[in-house]
Amino acid sequence: MDKMPAWADAVLVPLISILLAAVLSALVILAIGENPVDAFKLMVEGALMRSAGWGYTLYYTTNFIFTGLCVAVAFHAKMFNIGGEGQAMIGGLGVALVCLFIPFPHWSIALLVATLAAGAFGALWALIPAYLQATRGSHIVITTIMFNFIAAAVLNYVLVNVLRPQGAMDPATAKFPEATQLPTFQDLFATAENPLFRGSPANVTFFLAVLACVAFWFLMWRTKLGYEIRAFGHSESAARYAGISPVRITVVAMLISGGLAGMMALNTTMGEAERLVMNATEGAGFIGIAVALMGRSHPVGIFLAALLFGFLYQGGAELALWTNIPRELITVIQALVILFTGALDNMVRMPLERIFMATRRRNG
Amino acid sequence: MTAPAIELQGISKAFGPVQANKDISIRVMPGTIHGIIGENGAGKSTLMSILYGFYKADAGEIFINGQRTEISDSQAAISAGIGMVFQHFKLVQNFTVLENVILGAEDGPMLNASLARARGVLRQLSEEYELSVDPDQLIENLSVGHQQRVEILKALYRQADILILDEPTGVLTPAEADHLFRILDNLRAEGKTIILITHKLREIMEITDTVSVMRRGQMTATVKTRETSPEELAELMVGRKVLLRVDKAPAEIGAPVLQVEGLRHVDSHGVERLKGVSLEVRAGEILGIAGVAGNGQSELLEVLGGYADATGRVLVNGSEIDLTGAKSDGQSRRARGIAHVPEDRQTEGLIMAYTAWENIVFGYHRDPRYQSGMLMNNALIREEAQDKMTRYDVRPPNPQLAARNFSGGNQQKIVLAREIERDPDILLIGQPTRGVDIGAIEFIHQEIVRLRDKGKAILLVSVELDEILSLSDRIAVMFDGQIMGERLPAETDQTELGLLMAGVTERPDKPLIEAVDASLHEKEAREAEQHD
């Protein structure tokens, strides 16, 4: 007998977790002498009440959807891919290479090719840890963390020594050609009388991210491969019995995972900076873990969780800009949300389960 | 009139919505063996866990020797004179027998004095009750039967007057089980009180004085053993009349379908688990593999099922199959007409989190008929699942329910429906009725016989000797990774098979248990050597 209905597991648990995180955050803000209600109002206003705010929120959301899906694929195969950060960095390298060296006639073709490149580079970066896990048993948590550092070092080397334009002081590539620059929401939706999304970085990759959510659902719940990945994740011994190769599933799941992380670079590199810079990922690879946990590794959940974290990022930036609340405290608030939705999940879940079982007993 | 050694009054315990024990009252007189019988999930183990202080009852009272006693933890149970021998032993593998016996019952901070005292007590106990074990041997070098004796000694060392044994014969050869019963007999003669939890009717009839039957958390009856019969007990357990014998016509045996020659398998610890197994299963016959758990039967099924590598030769319908490499997996085995109902449905046969309909194609999910383009044809699979579940009487017949929400018997029916309905040439089936309620056992046995009568070859592995004897057309006995011999069911008996199961091939002139012990001891020594 399941302990509580699916809706409670999917909606109620994360909702209560967020509420608890919010209460604790309010106490922290109160403790440094600021007004939490005002702070919250400011966050909402800055992130959600203006179209430019939405432009930022959705920009961050796009990043988190990709990295959230990346972690979720691995979760379904019972692996913990902490390497989204590194895979996204290397994915960015792929984007930069095709954008810089292939003369594209139109952004749509550029986006298509860059998507393939980003996916392939990210997947390749995940391949080595995956192969080591599958055949040598090297734990994927350890290897992917190490590969984050290697990715940063590789990127550093390439940007400083190879791709940096002559005479530039900045460890970054040259600006991408005009034809590869993706239309932003401003380009798409703003009109002369209604200047929407002004100056905000959200761009067409957001739709790509939404598409990725849909594709993820089909892959996981409608295809043979998804069936096998989930079966392997639930029980390796049963998968072996059924003739599902652990090596194959480990490698394939990690390739998909790395590919999704790589695609995040489309948003930051092609969509926003329009060149490859050192720290383009800004920790989104790690936020992906929280997003996947909170979203229960389901695309709808991941979309909503990514939206929440997008709001926290943008709202947090507003707070830092307009109040005396230091930037570090924004990180604390984000950390609290991660703590409650991820690590302390059982703290909310178990009492809730008990309540549901008690009511069921009374009714039955 | 003497007070009962144990009296439980109105014990109730619920886990969430599940009422595991409901208003249970029972009286066990001192110096008797009291059997508790019931199907899996009937609440036997919960009741004993309450008596041993693992769970706290929601309601009810416990009286020990007429005194109302509060048993809040196992320490309290021990000081009330209760000892428990668990199904899965609680022993420290790399400690000696002596060290295990005093563990938690040391006299003081220095061990030597305790060890010396324990040595004396142990010597005395083993003489008194035929409980001989070498006190200086490491647990890991002991056979399962001897490890169980250590558990009993542990309880007696703690001066238990009441001994609870939970499914004690599950892992024993028949000779060891007989010896255990003699030990219990001796203990009873000395005035100890014993509660024996089992699902085996034969054991109840053999050793107990009284027997209580549990069904769905309730105590349905307590009867004097000599005034009842296995049939009556089965009926009390299930709630309806059950057929204890398997109805089957003589086998019509055809050509060999599965031929195994010189099969060898080494496990990940470097221990050789199959040491040259050869056997043959013919069309229309059930070959039963008898043996105590852990003698290579599981590995035999894994190798034949395609998920363990091996050397040797296996022929299916006359042509050889790969035993290693890419063409040796569950998929290629199924393609060759080998279906497999694995020993452990929860970790192998089913994905417990998957719905019944997802499970009903598990292993066959790559079949082109379940695909439509790039996607799986889930509508068709659900339809098939509904149909199979109805035909195999899976309850509830709801394909949307996750596998873990079905009872053991119904889970097994889902696996059987999946494997048998594929119309395989060969069916490998391990422990078909483990953890399955009696009602479902009848059904499962009938399905196996029905498949045989369709001219299929069936390899049956079971640790239940009764099951092997009643289902098989031919019996091979496995011990220590080898086939010790083959017998026809009509021409053999429990004793002969029991000796083969312990690796004794000729009737010894010394007492059986000694021959069995010696053989098992040799096996442990061989294994320990290989392990290093």
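Even glycines carry a Cβ here, placed using N, Cα and C.
Note that TrEMBL annotation is computational and uncurated.
Note that the coordinates shown come from a computational prediction; the quantities given were computed from them, not determined experimentally.
Copied over from TrEMBL, here are the features:
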- A:12-33: transmembrane segment (TRANSMEM)
- A:53-75: transmembrane segment (TRANSMEM)
- A:87-104: transmembrane segment (TRANSMEM)
- A:110-128: transmembrane segment (TRANSMEM)
- A:140-160: transmembrane segment (TRANSMEM)
- A:204-221: transmembrane segment (TRANSMEM)
- A:241-264: transmembrane segment (TRANSMEM)
- A:276-295: transmembrane segment (TRANSMEM)
- A:302-323: transmembrane segment (TRANSMEM)
- A:329-348: transmembrane segment (TRANSMEM)
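Note: the stretches the transmembrane segment (A:53-75) and the transmembrane segment (A:329-348) are not in contact (fewer than 3 CB pairs below 8 A, sequence gap of 6 or more). It is A:329-348 that, among the stretches A:87-104, A:204-221, A:302-323, A:329-348, forms the most Cβ pairs under 8 Å with the transmembrane segment (A:12-33). For the transmembrane segment (A:140-160), the residues of the chain that approach it from at least six positions outside its boundaries are 74, 79-83, 85-87, 89-90, 92-93, 125-126, 128-130, 132-133, 171-173, 254, 276-278, 285, judged by C-beta separation under 8 angstroms. The stretches the transmembrane segment (A:87-104) and the transmembrane segment (A:241-264) meet in space: the count of Cβ pairs below 8 angstroms, excluding pairs fewer than 6 apart in sequence, reaches at least three. In this chain, the transmembrane segment (A:329-348) lies close to the transmembrane segment (A:276-295): three or more C-beta pairs between them fall below 8 angstroms, excluding pairs fewer than 6 positions apart. Annotation: stretch A:241-264 has the most Cβ pairs under 8 Å to the transmembrane segment (A:110-128), among A:204-221, A:241-264, A:276-295, A:302-323. Counting same-chain residues at least six beyond the ends of the transmembrane segment (A:241-264), those with a Cβ under 8 angstroms from any Cβ of the stretch are 62-63, 66-67, 69-71, 73-74, 76-77, 79, 81, 83-85, 87-88, 90-92, 94, 115, 118-127, 129-131, 133-135, 140, 208, 212, 219, 225, 228-229, 231-232, 281, 284-285, 288.
Panel annotation: around the transmembrane segment (A:204-221), residues 58-59, 61-62, 65-66, 69, 72-73, 76, 111, 115, 182-183, 185, 188, 229-230, 256, 260, 263, 266-267, 270-271, 298-300, 302-303 of the same chain, lying at least six beyond its termini, place a Cβ under 8 Å from a Cβ of the stretch.
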